[in-house]
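To start, the structure under review is shown below, and the notes come after it.
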Amino acid sequence: MGKGILSLQQEMSLEYSEKSYQEVLKIRQESYWKRMKSFSLFEVIMHWTASLNKHTCRSYRGSFLSLEKIGLLSLDMNLQEFSLLNHNLILDAIKKVSSAKTSWTEGTKQVRAASYISLTRFLNRMTQGIVAIAQPSKQENSRTFFKTREIVKTDAMNSLQTASFLKELKKINARDWLIAQTMLQGGKRSSEVLSLEISQICFQQATISFSQLKNRQTEKRIIITYPQKFMHFLQEYIGQRRGFVFVTRSGKMVGLRQIARTFSQAGLQAAIPFKITPHVLRATAVTEYKRLGCSDSDIMKVTGHATAKMIFAYDKSSREDNASKKMALI
């Protein structure tokens with residue numbers, strides 16, 4: 001399948017070297033056009049999304065299946081037919097889908113639109129420009145993309161809830177209790193902690209070094225300092241092992257489903273009024289660091305967020321708790 005798609009980009013034969021540039025361009029375009037009839041849109045989407053990370057792959061495939069379900073797209077059409085569509089009109093139609101047709105939120109519509117644009121960009125490159133790139137609207141009253149909320153939806157625990165959650169989690173699973181503390185202190189994503197290797201830990205300095213990949217290219221190294229008491233528990237847990245820090249009984253890396261289950265269970269046992277997910281711990285870390293008076297730049301050095309806007313989005317402290325509450329200027 002992959003080789004079939006790549007055949008769209010076959011090199012031109014040397015027999016055309018005597019022709020003019022315009023003649024060669026025309027021949028090449030005709031060659032692409034004929035080959036495009038051999039590929040269905042469904043085949044192309046499956047091939048393309050397989051090269052993306054799991055989350056994006058699942059999201060994009062779901063988007064196109066949803067677009068077909070409401071009649072905005074047919075995955076059975078070939079690439080010739082797809083190239084003749086007015087992609088900008090389809091983007092507009094995605095944003096104007098009525099609630100009577102589907103219960104998409106504004107955020108869902110924007111995800112669907114982003115998926116569609118990404119597909120046209122991929123095919124534009126594969127077909128040497130025959131498939132046009134869908135252009136998002138930037139008009140004030142009909143923007144394709146805009147921020148739907150000031151802060152993220154994820155809840156955050158207060159200090160008492162955090163202590164209660166950790167207490168209950170330790171009863172359920174001591175290893176997952178260590179995982180939760182690793183995430184909290186560093187404001188880390190679950191994937192960053194679950195993939196952690198023992199070689200990244202320095203027990204003498206009580207630090208753990210995390211690597212973040214930005215756009216799959218630029219590596220960002222973040223060093224988090226942990227309390228000595230925690231490092232003692234962690235060292236006892238690891239013993240003489242090598243490899244991943246947190247492992248199952250069979251020595252494999254702990255999965256996301258495992259901690260999602262135990263975190264949720266601990267939250268219930270601690271009587272926390274919202275579901276505790278791994279991402280709640282990241283929001284909790286940002287909120288707690290802000291409450292303790294840390295600057296945005298200091299928190300960014302811990303969490304790895306690229307901008308202060310993201311820190312603001314994760315900060316769940318009251319918007320009334322600002323400088324005007326602490327001092328009067330008049």
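Cβ coordinates are placed from backbone N, Cα and C, and glycine is handled just like the others.
Sequence-distant neighbours of Arg189 (active site) (same chain, 6+ apart, CB under 8 A from its CB) are Met183, Pro278, His279, Arg282. Secondary structure at Arg189 (active site), as computed by DSSP, is coil. The annotation active site is assigned in Swiss-Prot to Arg189 (among others).
Annotation source Swiss-Prot lists active site at Lys214 (among others).
Annotated active site per Swiss-Prot: His279 (among others), in sequence order. Residue density at His279 (active site): 19 other Cβ atoms are found within 10 A of its Cβ, drawing on all protein chains shown.
DSSP assigns Arg282 (active site) to a helix in the three-state reduction. Swiss-Prot lists Arg282 (among others) with the feature active site, giving sequence analysis as the kind of evidence.
Per Swiss-Prot, the feature active site maps to His305 (among others); the stated evidence is sequence analysis.
Per Swiss-Prot, the feature active site, O-(3'-phospho-DNA)-tyrosine intermediate maps to Tyr314; the stated evidence is sequence analysis.
Feature annotation from Swiss-Prot assigns domain 'Core-binding (CB)' to 39-124.
Feature annotation from Swiss-Prot assigns domain 'Tyr recombinase' to 152-327; the stated evidence is sequence analysis. Confidence across the domain 'Tyr recombinase' (152-327), taken as the mean pLDDT and rounded to a whole number, stands at 86.
All protein chains considered, the CB of Arg282 (active site) has 24 other CB atoms within 10 Å.
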